[in-house]
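Asks: This structure is in structure tokens; I'll ask about it shortly.
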Amino acid sequence: MHLSAVLNALLVSVLAAVLWKHVRLREHAASLEEELAVGRRAADPAPALRIDYPKALQILTEGGTHMVCTGRTHTDRLCRFKWLCYSSEAEEFIFFHGNASVMLPSLGSRRFQPALLDLSTVEDHNTQYFNFVELPAAALRFMPKPVFVPDVALIANRFNPDNLMHVFHDDLLPLFYTLRQFPGLAREARLFFMEGWGEGAHFDLYKLLSPKQPLLRAQLKALGRLLCFSHAFVGLSKVTTWYQYGFVQPQGPKANILVSGNEIRQFAHFLMEKLNVSQAGGPLGEEYILVFSRTQNRLILNEAELLLALAQEFQMKTVTVSLEDHAFADVVRLVSNASMLVSMHGAQLVTALFLPRGAAVVELFPYAVNPDHYTPYKTLATLPGMDLQYIAWQNTMPENTVTHPERPWDQGGIAHLDRAEQARILQSREVPRHLCCRNPEWLFRIYQDTKVDIPSLIQTIRRVVKGHPGPRKQKWTVSLYPGKVREARCQASVQGASEARLSVSWQIPWNLKYLKVREVKYEVWLQEQGENTYVPYMLALQNHTFTENIKPFTTYLVWIRCIFNKTLLGPFADVLVCST
């Protein structure tokens, strides 16, 4: 009897534990489903999206998946899906073929060479590819019951969510503009991150982009074994990226940068509004120089001395900020009102995109690290329309560096290398150009601590910042280009058998009358028909008579374009055909 009671008690306790765990799992799944179904209630006054399950299932089983993509290659492709599905068990996407399926582009096996598209903005990286497996819609009868996601989904990969430079450059900026590439997407979309990382150190920043909570790949398993998206966009626009990290060739600016400071500043303004950060009046009530303080590695060993020297040189308050000790909104508040930002090379410098126009960015490099080889922040600061002053300073004195050869390899340690290689690295005066990401000499040098040589730093800054640093009270204007010249005409006259004159005239581009332009000139190309060469002319007036080398009874092709301020070249007008 006693034994029976013990067994009963044990059975009851085990059953209770199992039931408790089951209830907790159900509650977790239910909370995620509720988040998917009614996530817009808190942040969006519009009614929650609902799925008519029988109708959705019928559309999927009969019609199948629908895909239309833009872009010619996998590196610039974005795809729009209806009824794309995801197996949380296989961790693969599924394209179900039904009687209404569309797959554009229809690539066949080329879809695997190497992929349909890049899920992240890091171009052609073999860990970032997107593809799907194909099944007939009839296979749904033998598969787990689909769970339909009612939200419009934007599906992408974050590249490195623990590094602030990667977060901004690879993820936030591209997400921001991809969401605005399609009508309504910024208000409706839920972000699905499929790379497999946890939330990371900066997940709160991703939450600012959409009124709905982003979901990670690991969370999808709790929703169901087979998820189907009624409407999904897959991939990210790369148009806002300006830097490549050196996976194929040594790192540097992208060959064809398509973003300007205007787009960067529009994004920064959006983020500042979301963070409730104001640029109207500095938080300290006066102009100041902001110095980024690092607390773990790449330290400025004489930071206090540096602060004092900057204050004395520029007659301005100097303050420090760090990512470790300040909330990110406070970092942005300080940066967005600073006259000068000083920092060792590092991810925190991406916050320069919040600096006011006219401010200075001073990037410090450790010994043996050539500033010309590592330029993500220089490239950002010097984008047209950013209107920042950029200064790079490098420690050239080996006695002013403190190395850490005993640290783990990923923190710059070299103790794991053979002695000859250690000796070579210690004697090297410059890190050679290299590929990402585990070059031991690069890691050894970039994780050094530095005693800044104050006189050389001040001298370097003064080469660029001549007077008082900080925003200038001047009107910063976007560079606007001329349109085509209008009403081009030509008139010819022949004088004898060997001489001729060709008079050409035109009207100004119509947008010129609405612009304030310092200098307007016209470039005219004159080409004899049938010849491969042309003669260029730069003219200040809207008419000109050409006499040199003009032949009688000859046809000439004339191209004309307007140029503003010597550098803003407008388009050529339609070719003018003139006969003498």
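A Cβ is built for glycine as well, from the same backbone N, Cα and C atoms used for every other residue.
Note that the structure is predicted; figures quoted are calculated from it, not measured.
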Asks: Out of N99, N565, report back the residue that Swiss-Prot marks as N-linked glycosylation site.
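Replies: Record lookup, Swiss-Prot, feature N-linked glycosylation site, residue N99.
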Asks: How big is the Cα-to-Cα gap, in Å, between N99 (N-linked glycosylation site) and N276 (N-linked glycosylation site)?
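Replies: If we compare the Cα positions of N99 (N-linked glycosylation site) and N276 (N-linked glycosylation site), the gap is 50 Å.
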Asks: Would you count the other CB atoms within 10 A of the CB of N99 (N-linked glycosylation site), including those on all shown protein chains?
Replies: 8
Asks: For the domain 'Fibronectin type-III' (488-580), would you mind checking the mean pLDDT of the predicted model?
Replies: 95
Asks: I want to check the contact list for N276 (N-linked glycosylation site): same chain, sequence separation of six or more, C-beta distance under 8 angstroms. What comes out?
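Replies: A329 - these are the non-local Cβ neighbours of N276 (N-linked glycosylation site), listed in sequence order.
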